[in-house]
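So the structure is just underneath, and the comments pick up after that.
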Amino acid sequence: MASLAIQTGNPEIHDHERIGHPEKTQWVLNAPEPPSLWQELMDSVRETTLFHARRFPSVKDKGSFSRTVISSLQAIFPIFCWCRNYKTAKFKKDLLAGLTLASLCIPQSIGYATLAKLDPQYGLYTSVIPPLIYAVMGTSRDIAIGPVAVVSLLLSSMIPKLEDPEANPVAYRNLVLTTTFFAGIFQASFGLFRLGFLVDFLSHAAIVGFVAGAAIVIGLQQMKGLLGITHFTNKTDVISVMEASWRAVHHSGRRNKKLFWLPAIAPLISVVLSTLLVYLTSADEHGILIIKHIKKGLNPTSFHQLQFNNPHIGEVAKIGLIVAVVALTEAIAVGRSFASIKGYRINGNQEMVAMGFMNILGSVTSCYVATGSFSRSAVNFSAGCETAMSNIVMAITVIVSLELFTRLLYFTPIAILSAIILSALPGLVDFHEAYNIWKIDKLDFLACIGAFFGVLFASVEIGLLAAVTISFVKIIIISIRPGAEVLGRLPETDIFCDVDQYPMAVKSPQILVIRVKSGLLCFANANFVKEKIMKWASEEESLGKNTNQAVILDMSSKFNEH
């Protein structure tokens, strides 16, 4: 009966049973070729673009082409997932969040464009197309897309080495747009080919130090606009400035969640009041620098401005890669932070694809590199956003501003834009997080301060290089010299702990229990681990204790990755 069941139920098993050992040996000796690198890359792209297709395992068997198309569209455009259950109540919250976001975004975008050494309207352009693309392709509900301070600093510190923005602003702008295109290509490639691990080489500690150093550099640069310094050089001493008088408004908004809109609209109120004051007093005729003309209308096409035959194209691509990694790291960190608070998950690969495509399309619509802003995302979160619709509302509001209100910004003083940028910088310097990094891992803290001092006293590139180099050195050190410890049992428990950390732990008689604190054992650290084991075994023998009969290696760190 058993054999009959095997034959009728699963004839393949019966056939395999009849195959002799020589044939089975040939399976091993003549193994088929493993998948090629190209096939693995295509599988990665397929998994990214057909993420939701795994929900329908029978689609292929049934030949249901329509369901496959729907699942693919949901994977590439997550808006099709959440818009099905979109209700009026959610739209009301997103509308409020989007309008609040726009009140902060408009003055910040103008300020960040000037920081990137571009005309003010390019900051507004960057707050239109990228947020719309992200709302369709992104997976985070809380990220606010647009220009940010750190990316603006990167562009304004690296591209002027190739083209002087003062002498030839058009050529400089073209290189910025070309850099944006390359940044988008790299970001989309990271997501499609699942190369997100490359972003992880810029560790959290390195980002903390890099952003803090960049914040101080940006702050010093804004002294030029804030104080009207005409001959501003890098040799200027640090200028101490009193905190802005409306800092109290920010503080009151943080204390009372119902007043979240106060710090959000404060920059807009500052722009309106200062512009009105300059207009009424004709202060521009007495030395006050103003924005002057901002081009009216929607984003013009800029495809013809991309410089692929420029002699500096190699350097532009390198800058694009650096900017792409920094922008992705900041955006994904912001997205994961708010997603963990709300209890949902973002798709890291899809985020990279969304960021890539929004910057590719942005580069041909007069936008420079956009990413997720922590300060604006915090406002978006506090305003109670439900979906990415808040980005769409913000973008529409900016479009209306470009069409109707650009003339009103003619008399906006440069100093107020510098003040707005300065007001956003204190949140970028996180002393508490740096202290936590120091307590947890000294090598990570070294990467943090390496990035900080590299940016502060050398350049942005040196700061990033220092951070990545220290991170690589840490990986090599941990790989070659992994931590190891002797374990003992805590009295009346089945828990084993480090005997040096827990003096009450009791070693097992004639058994040496050792934990290797490394997820990788290879030729590089095999001798080191062996010497550690022999050292501990010989130490116990020299102390007159019983000879160890067995050595147990606790390799839980190798298997427990999370």
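Glycine is treated like the rest: Cβ placed from N, Cα and C.
TrEMBL does not curate its annotations; it predicts them automatically.
Positions annotated as domain 'SLC26A/SulP transporter' by TrEMBL: 91-251, 253-449. Feature annotation from TrEMBL assigns transmembrane segment to 95-113, 133-155, 175-195, 201-220, 259-280, 319-339, 351-371, 377-401, 408-429, 449-473. If you look up TrEMBL, you'll see 502-556 marked as domain 'STAS'.
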Secondary structure composition of the domain 'STAS' (502-556) [DSSP: H/G/I, E/B, coil]: 21 helix, 13 strand, 21 coil
Cβ-based contact of the transmembrane segment (319-339) with the transmembrane segment (95-113), 3 or more pairs under 8 Å: no
Among the ranges 95-113, 133-155, 175-195, 351-371, the one whose Cβ pairs under 8 Å to the transmembrane segment (408-429) are most numerous: 95-113
Intrachain neighbours beyond the transmembrane segment (449-473), with Cβ under 8 angstroms and 6 or more residues off its ends: 153-154, 157-158, 201-203, 206-207, 209-210, 212-214, 216-217, 322, 326, 443
Mean of pLDDT values spanning the domain 'SLC26A/SulP transporter' (91-251): 84
